[in-house]
Amino acid sequence: MPVYPREGKIIQIHSYKHNGTIHRIWQETVVLKGTPSYVIGGNNKTLVMEADGRTWVTREPAICFFHAKHWFNIIAMIREDGVYYYCNLSSPFVWDEEALKYIDYDLDIKVFPDMTYMLLDEDEYERHRREMHYPDVIDRILKNNVQKLIGWIKERKGPFAPEFIDKWYGVFQAYQT
């Protein structure tokens, strides 16, 4: 059994909180590339279900990047005025044939088309760190990964490289025809 989904497979993405409760489910994402190290997916107007049962639909095409070793995932949203990124500080992904899964650790970085960025939800992170008893080692890992992610943004590395989005959005569009 592979530890990653195969290309072309339509999968769900499940986000959990540290205490094991479901946080959010994305219903349909097509796998554009699956390896033991990373998964790249694409979706557009996919149904999302929140933990409380509310649902909404994504507004634009997105390319998603999940890594098996880094404590973050990256969603590139393709909009009329450019590519916006939403980066979740999270556990590395796991794949169990049901869904691609990760633990959401509250901290987020929003990146604008001009590559300026904002660290978000620090208050929520501190509150959940106390309430859910995040171990100190997790706190250190996450703070180190915030710095790693900022480095990637500044260097335009990985998903932040323009050619990355161009390539994978093209692959995603081919699946849509």
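Cβ atoms are placed via backbone N, Cα and C, with glycine included.
Keep in mind that what you see is a predicted model, and the values were worked out from it rather than measured.
Cβ environment of Arg24 (active site, proton donor): His14, Ser15, Val48, Met49, Glu50, Ala51, Asp104 lie under 8 Å away, each six or more residues apart in the same chain. Look at Swiss-Prot and you will find Arg24 tagged as active site, proton donor.
Cβ environment of Asp108 (Mg(2+) 1 binding site): Tyr86, Cys87, Asn88, Leu89, Leu119, Leu120, Asp121 lie under 8 Å away, each six or more residues apart in the same chain. In the three-state DSSP scheme, Asp108 (Mg(2+) 1 binding site) falls into the strand class. Annotated Mg(2+) 1 binding site per Swiss-Prot: Asn88, Asp104, Asp108, in sequence order, evidence recorded as sequence analysis.
Annotation comment: Swiss-Prot describes Asp106, Asp108, Asp121, Glu124 as Mg(2+) 2 binding site, evidence class sequence analysis.
On its own chain, Glu124 (Mg(2+) 2 binding site) has Asp106 as residues at least 6 apart in sequence with a Cβ closer than 8 Å to its own Cβ. For Asp106 (Mg(2+) 2 binding site), the Cβ neighbour count at a 10 Å cut-off comes to 23, with all displayed protein chains included. Close to the recorded Mg(2+) 2 site, the chain also has Leu89, Tyr105, Leu107, Leu120, Glu122, Asp123, Tyr125: residues not among Asp106, Asp108, Asp121, Glu124 whose Cβ is within 8 Å of the site's Cβ mean position.
Take the CB of Asp121 (Mg(2+) 2 binding site) and look out to 10 A: across all protein chains shown you find 17 other CB atoms.
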